[in-house]
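Peer 1: Just passing along the structure, written as structure tokens.
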Amino acid sequence: MPRSLVLVLVLVLVLVLVLVLVLVLGTGTAGVSGSAKPLPLTDANRKEPFSTGQLSPHARVACTRPKWPSVTVRGRRAQMLGADAEPREMSGIPEFLLEVCVLVTAVVSLLTNLSVLLCFCQSSELRSHVPGIFILNLSFSNILLAAVNMPSTFLAVARNGRPFGDAFCQVASFAETFLTTNAMLSMAALSMDRWVAVVFPLSYSSRMRYRDALLIVAYSWLQSLGFALTQLLMDWGGYSHTYASCTLRLQDRSRRVAYAAFTALFHSSSFLLCLLVLCFAYLKVLRVARSHCKRIDVITVQTLLLLVDIHPSVKERCLAQQKKRRRRATKKICIFIGSFILCFSPYVITRLVELVPSVHVPRYWGVATKCLTYAKTSSDAFVYCLLRQQYRKVLVSIVCRLLRKNPYPLSAYSTSSTLDTTDDSCTLRVT
């Protein structure tokens, strides 16, 4: 496994551990705050009612004077937190960790996705590939999410209330619905493109053309725009204290049935549909990759049998390469599907369970699931682009040009394969 891929897995694991720590600390804080119970009224702690007749006239006036300063302090605190401030369910370390997670995710997502766009701007070879249209669509969605929704979530967690006014919250909730759906459909389109490239390699150029890719992107935009406009027209977008973000939210309790139907349809046609497409496409790709590996293994074994005088170390190296080829494709497919499930399923399941009237979602759990969905925007650039040899060569070329160490043009670093992978042929076009 490449070192860069290991680094991405380590970063995702660290993020998950941080979110688990947030949940544990948040649960502990909630338990401590809710464990205090009033003492039972017994003869030992019963006190006689206080009578102001026992005091002097000056003390009697002081006791009966209303405590206006405390009201003023509460009013000032409410003004500082905002009109939509809610009682704090998180404090201290959990809240700080969530703020750091959102901020780091936003910065990493912007840098990585902008790097992908920079590669496309500098390399004509990348622009000539049909899957580049899906990658551009995915990168634009991730950049807008990182620029609009993540900062608002960071401010909402920091202020414990709505970060901006109603108009911005409506725009942010519309953008979140549109961009999230568009990103999921782009991932599904990329998986179908690779399925066609692997299963039908000879007819790929006729089955997947620029016109077909543009039609798929247009459908993605229409479906995303349809759900976003429906949410806007039905006034189902607003600030949610549970998720500390401007998102899909029920404000009028009388339309609970329509809201529940819309939420179920929205997540079924975005998350569930894309998950089914990803599983179907990548499992087909994995089957073809394994069949290619078996053929290569047979040829390798026959060659080793013919070469009687070959050194034993060479034979061991060939056998080790066979084992690596068998595992490499499986690991990459697991990363594609596993990252999608890990980042989106907690949030989607929480939104569906939230439809039950008797269920209350804790704020720290809602914000943690939101952070996981944001983490997918930063991992997409690595999973689909920056770990591939083509993009790495273009980035190295750009850096060398900036440092004035590269005398060759970018076309010298472009490769001929549209779905270039590692150095083995059995996993070709898998990633």
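One is the number of the first residue shown, and numbering goes on along the chain from there.
A Cβ is built for glycine as well, from the same backbone N, Cα and C atoms used for every other residue.
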Peer 1: Have a look at 3-28, 133-158 and point to the one annotated transmembrane segment in TrEMBL.
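Peer 2: Result: 133-158 is the stretch TrEMBL calls transmembrane segment.
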Peer 1: Answer with yes or no whether the transmembrane segment (133-158) touches the transmembrane segment (214-234) by the criterion of at least three Cβ pairs under 8 A, sequence separation 6 or more.
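Peer 2: Yes, since the transmembrane segment (214-234) and the transmembrane segment (133-158) share at least 3 Cβ pairs closer than 8 Å, they count as touching.
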Peer 1: Averaged over the whole of the domain 'G-protein coupled receptors family 1 profile' (112-384), what is the pLDDT?
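Peer 2: Residues in the domain 'G-protein coupled receptors family 1 profile' (112-384) carry a mean pLDDT of 87 in this prediction.
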